[in-house]
Amino acid sequence: MDFFTYKNKQLFAEDVPVADIARAHGTPLYIYSRATIERHWHAFNNAVSKHDHLICYAVKANSNLGVLSVLAKLGSGFDIVSKGELSRVIEAGGDTTKVVFSGVGKTSDEIRFALQQNIMCFNVESDAELDRINNVAGQLDVKAPISIRINPDVDAKTHPYISTGLKANKFGIARDDALRVYKRASAMPNLEVKGMDCHIGSQLTDITPFVDALERLLVLIDELAEHNIMISHLDVGGGLGVPYNDETPPHPDEYAAAMSAKMQGREHLKLILEPGRAIAANAGILVTEVEYLKQGEEKNFAIVDAAMNDLLRPALYSAWQAIIPVQPRLDIAAQKYDVVGPVCETGDFLGKDRDLAIAPGDFLAVRSAGAYGFVMASNYNSRCRPAEIMVDKTQTIIVREREKLKDLWKGEHKIT
Ligand SMILES: Cc1ncc(COP(=O)(O)O)c(C=O)c1O
Ligand SMILES: N[C@@H](CCCC[NH3+])C(=O)O
């Protein structure tokens, strides 16, 4: 079931016409559907329900307090990569004892803060980080719960910028080095070895790389056991893809079934999942207004009021996201347009060669914009970042106000 559908010839977000929201709050505008976020979270939670498990939503995908609070109410855990993300989880009412802390560059200050907040586990990515966590935990006279992020060296077959599980990537510890690192960690006085972790990349549409990675991790877990290093949880990361266009990623049930099949006889291991995109992407749209139509020599351009600073994915990864009319027209013939923003960059486009029947003043919706959308927005070209709205059935809630001009220079100082 889709909560962004056409009813009476216009696009709705749950039970509210998107055009009404756009008129009330202006554009560009992010709109999220609470029911979709909840449905996606439950899809993961149900898929692994026969395991002792925890869904740790990857906050980086969409860290708006509205989104985090909806998930916190469901009892979700969270995967964070910074003090800022942890602070958002706390602010949103999330349970810090269900937080895993990923990322290659944790500072001492971030580690201290996370220990004080009693997080569940640090996913450690290097020898040097182990030393640092052990030191900071020693200063606080506590034991830090850790798991080691293994780089399984599998090809996630996704965009090279979002592939993380190859030898050439900066993430995790090589399989061949894992035993040595686990032994070191076990011998450190202020660490408690809890688990094993991996995350091989994002927007994976095939199950094979997940299963390959899991098999490699299970071999390592057995090897650790032979050395009396016992772990209690296995964190398989996130990465499950979503349909942007004609991709057919596995459903969480299919993904979980393939993983469970490999985990037979290992019921003592708690399974942790870190989905981000699969929960948030298709729970959001970016609404934009057509400003001008321009006939170029080779192309037609629909110049809209959203730009690469609002939604970076098309410019950064050549990502394709559907662009659909909010109130489809029958009175105009469709033409092919490059949908571009006002930013002074040739790479500033939201979509290329799209068939659209549009006129200036029309609203368009960029679909699948709930993940890696607003979180990657910037103020480039001194553009205020968009507002964000959560729709809950017939209700629209402003979960982030549109930035105001004075926000653009907040904290800056003139020279007098
Ligand atoms: C460590 C880690 N966990 C989870 C995620 C979430 O990934 P996705 O949004 O593809 O599910 C990411 C981002 O790719 C990540 O780096
Ligand atoms: N920002 C990326 C995903 C990065 C995943 C982070 N580990 C995207 O939009 O697809």
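Note that Cβ sites are derived from N, Cα and C of the backbone, with glycine treated the same way.
In TrEMBL, annotation is done automatically, which means it is predicted and not curated.
On the 0 to 100 pLDDT scale, the model's mean across the domain 'Orn/DAP/Arg decarboxylase 2 N-terminal' (35-281) is 95. For 35-281, the entry in TrEMBL reads domain 'Orn/DAP/Arg decarboxylase 2 N-terminal'.
LYS60 (N6-(pyridoxal phosphate)lysine) is surrounded by 23 other CB atoms, counting those within 10 A of its CB over all protein chains shown. Feature annotation from TrEMBL assigns N6-(pyridoxal phosphate)lysine to LYS60.
According to its DSSP assignment, GLU274 (pyridoxal 5'-phosphate binding site) is coil. Summarising the annotation, TrEMBL assigns pyridoxal 5'-phosphate binding site to GLY239, GLU274, PRO275, GLY276, ARG277, TYR372.
According to TrEMBL, the substrate binding site annotation covers ARG277, ARG313, TYR317, GLU345, TYR372. Summarising the environment of TYR317 (substrate binding site), the number of other Cβ atoms within 10 Å of its Cβ, over all protein chains shown, is 15.
Summarising the annotation, TrEMBL assigns active site, proton donor to CYS344. The 10 Å shell around the Cβ of CYS344 (active site, proton donor) contains 9 further Cβ atoms across the protein chains shown.
For the binding-site residues ARG277, ARG313, counting C-beta atoms within 10 A of each C-beta gives the highest total at ARG277.
Listed in sequence order, the recorded positions among GLU274, ARG313, CYS344, GLU345 whose CB lies under 6 angstroms from an atom of ligand 2 come out as ARG313.
Closeness to ligand 1 is met by none of the binding-site residues ARG313, TYR317, GLU345, no Cβ falling under 6 Å from the molecule. Comparing CA positions across the recorded positions GLY239, PRO275, ARG277, CYS344, TYR372, the one lying closest to ARG313 (substrate binding site) turns out to be TYR372.
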